[in-house]
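These come from Swiss-Prot:
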- Asp244, Asp255, Glu419: Mn(2+) 2 binding site (BINDING)
- Asp255, His335, Glu380, Glu419: Mn(2+) 1 binding site (BINDING)
Amino acid sequence: MEQLARLYHDHLRVLNQRVCEILSRENLSGLVIHSGQPHRQFLDDLDYPFKVNPHFKAWLPVIDNPNSWLVVNGTDKPLLIFYRPVDFWHKVADEPNEFWAEHVDIKFLTKADKVAEYLPADIDEWAYIGEHLDVADVLGFARRNPDSVLSYLNYHRATKTEYELACMRKANEIAVTGHQAAKTAFYNGASEFEILQVYLSAISQGENQVPYSSIVALNENSAILHYTALEHTAPAQRRSFLIDAGANFNGYASDITRSYAFEKNIFDDLITAIDNMQLQIINLMQPGVSYAQLHVETHYKLAQILLDFDIVSGDVQGLVEQGITSVFFPHGLGHMLGIQVHDMGGFLGDDKGAHIAVPEAHPFLRCTRELDVNQVLTIEPGVYIIDSLLNELKQDKRQSQINWNTVEVLRPFGGIRIEDNVIVHRDRIENMTRNWGLNR
């Protein structure tokens with residue numbers, strides 16, 4: 001924890017430098033960052049699970065306390081307006097005494113609607129950063145989520161501080177523990193629902209604490225890209241298992257996927273091939289490389305795998321250009337990762353908001369930037385038997401290039417995805433996920 005505290009001090013220094021630059025550029029006095037506030041369910045007296053403003057938790061690991069505020073100007077010590085109501089119905093947040101608390105000034109807010117008493121008097125010279133524009137209106141903010149400010153912050157958020165990298169390594173360590181437990185549960189005969197409970201128990205995080213809804217899919221369900229339905233009964237025949245699940249540490253996310261076959265067969269061999277391909281793509285990563293080009297290169301490598309396994313016929317170039325590989329691999333190679341699972345800034349060409357478009361043939365790619373030092377990204381290629389996409393392909397001449405017998409053999413297994421979290425260094429790539437022992 002002492003090391004984390006030292007790294008956090010430098011983390012704040014970097015954030016303050018960024019704020020100073022954008023305030024000077026935009027002629028602002030500072031930023032007032034709202035943690036957020038509860039959302040009430042329609043026609044109910046219950047709130048949805050609270051999700052903190054990512055720009056708030058970029059500064060400090062307070063992720064579960066709505067109605068809090070952060071006042072920063074890049075020069076003075078950040079002011080945290082910490083919400084601590086008098087409330088006998090709910091658990092009230094403890095007074096902060098963690099490693100980060102000494103680095104900020106703290107004032108306690110007992111009534112959410114009294115926050116104006118703690119905000120700067122010249123509020124029209126400050127920008128509001130947050131979700132609740134109605135609150136910003138009432139408080140008198142003239143500038144609310146300026147595009148220029150958000151573009152600047154989102155662009156530079158891609159470059160992680162050493163504190164952030166330390167948090168993400170820990171988030172990977174935690175998630176790997178859960179993945180290993182989930183794998184054992186699969187081979188022991190657990191249902192999707194039971195596997196998820198094993199995973200969450202192993203990482204000691206609840207469904208609302210993990211950074212995204214975990215995907216736990218058996219057999220054909222593995223072909224559903226964002227499958228979260230969870231069957232409570234184990235299938236009569238156990239063939240395959242895909243788990244896409246992460247963990248949270250100090251507000252930073254890990255995002256890891258693994259696929260398994262219950263027996264040694266063609267599907268198990270295909271998992272090995274995709275795993276090897278994923279590692280080959282990671283080896284191509286270095287500063288200056290276009291992430292979009294890595295995605296395209298993945299399609300060429302996948303085309304060769306499809307040929308090797310007699311899933312398709314033709315040649316590598318033609319399979320990619322005709323979009324046949326996209327039928328089997330319809331999503332992007334991955335995305336930026338940080339305080340959000342899909343971290344902002346993946347399409348920004350500079351800190352003024354220039355947009356780098358996705359390749360026309362690959363509309364679902366989530367990152368088009370060039371790689372740079374201290375960026376963190378996921379690499380998650382896959383191959384799936386998705387009936388809706390294959391049915392479209394059946395309607396044109398490309399259907400003759402599909403070995404439908406092999407497709408039928410693979411259909412009951414669903415799909416494969418292998419996902420690691422990697423850091424781009426100046427002279428190497430750090431695979432956080434594999435470094436904690438989660439290999440094939």
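Even glycines carry a Cβ here, placed using N, Cα and C.
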Are there any residues in the same chain, six or more apart in sequence, whose C-beta is under 8 angstroms from the C-beta of Glu419 (Mn(2+) 2 binding site), and if so which? Asp244, Asp255, Ile256, Thr257, Arg258, Gly334, Thr378, Ile379, Glu380, Thr433
Provide the number of Cβ atoms within 10 Å of the Cβ of Asp244 (Mn(2+) 2 binding site), excluding the reference atom itself. 25
Note on Mn(2+) 2: the CB centroid of Asp244, Asp255, Glu419 has further same-chain residues inside 8 Å, namely Ile215, Ala245, Gly246, Ile256, Thr257, Thr378, Glu380, Arg417
Protein Cβ atoms within 10 Å of His335 (Mn(2+) 1 binding site), excluding its own: 20
Test of understanding: give the count of other CB atoms lying within 10 angstroms of the CB of Asp255 (Mn(2+) 2 binding site). 24
For Mn(2+) 1, residues beyond Asp255, His335, Glu380, Glu419 with C-beta within 8 angstroms of the site's Cβ centre include exactly Asp244, Ile256, Thr257, Gly334, Leu337, Thr378, Ile379, Asp420, Asn421
Three-class DSSP secondary structure - His335 (Mn(2+) 1 binding site): coil
